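S.K.: Shown below is the structure under consideration.
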Amino acid sequence: MANTTLTTDNKAIKTTVIIKQAMAITGAFFVGFVILHAYGNLKVFFGATVYNDYALHLRTFLMPILPYEGLLWILRGLLVVCALVHVISAIVLWRRARLARGSRYMVKKSLATAYAGRTVRWGGIILLLFLIFHLAHFTMKFAKVGDAAAYASHQVFLDPMGNVVDAAGPGIISVMEGNPYAMMYTTFSNWWMVLVYAIAVGALCLHIAHGVWSALQSMGWLRRNTQYTVQIISGLIGLLVFAMFLAPPVAILAGMPMLA
């Protein structure tokens, strides 16, 4: 009986470790994606041509090896898979923690740990809700904020390599492109949208600040003498991402002129 109990406990521990590692790996993918996304948004400071060309480049990347928007669909697929793994893993770990606590007579967590746990859970819910809105707004254009004309699309002709050409012809494809620069500008000309965005990005960055440290711990890459330093670095990464994401909306709201 004792051996059976030990075997069951060992399996549970191993499973928990694997689940934590899955969360760490998917979380690392999210952090990388978020940093690149924030970096891309900063191109709005260089004007409509630079920002819109960047958006088009993402759609035509590696053509003709990939089809038009191939990279974006690959990223979307990876994000969906990682999100499912991340969320399911979080739920499983949360349930196991509750069952392990039983009647909650066990040693109390520190206030910092308890606060971090609540922040990550509620931050995750806020992020999920904002992500749904973000996709409906910027990707599918169902939820329009500001001037509706900014969401209009125009016809663009591309050669097999993804370069823009003047007219249709053999091997030329026609696609409908929007104006991401105008969409961003009209959206963040509204103070309430900047506030919503700031709350969502704040939740994201708190998630990152806790997640980077937690992921390194889950992978067994932390030592006692480096934990505090890694926590500081994690917090700085969160602050950096927050600043990168908030810079364009705040600048637009503050009256940054539209550039060609």
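Sequential numbering from 1, following the chain as shown.
Note: Cβ is positioned from N, Cα and C throughout, glycine not excepted.
All annotation found in TrEMBL is predicted automatically rather than curated by experts.
When I checked TrEMBL for this same protein, it listed these features:
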TRANSMEM  21-40  transmembrane segment
TRANSMEM  71-94  transmembrane segment
TRANSMEM  115-136  transmembrane segment
TRANSMEM  191-216  transmembrane segment
TRANSMEM  228-254  transmembrane segment
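Map the listed features onto the structure and describe their local environment.
M.R.: Counting residues 6+ beyond its ends, the transmembrane segment (71-94) has Cβ neighbours under 8 Å at 16, 19-20, 22-23, 26-27, 29-30, 33, 58-59, 61-62, 121, 124, 128 in the same chain.
Away from its own ends, the transmembrane segment (191-216) comes close to residues 23-24, 27-28, 31, 34, 116, 119-120, 122-124, 126-127, 130, 134, 145-146, 222, 227, 230-231, 233-235, 237-239, 241-242, 245-246, 249-250, 252-253 of its chain (Cβ-Cβ under 8 Å, at least six residues beyond either end).
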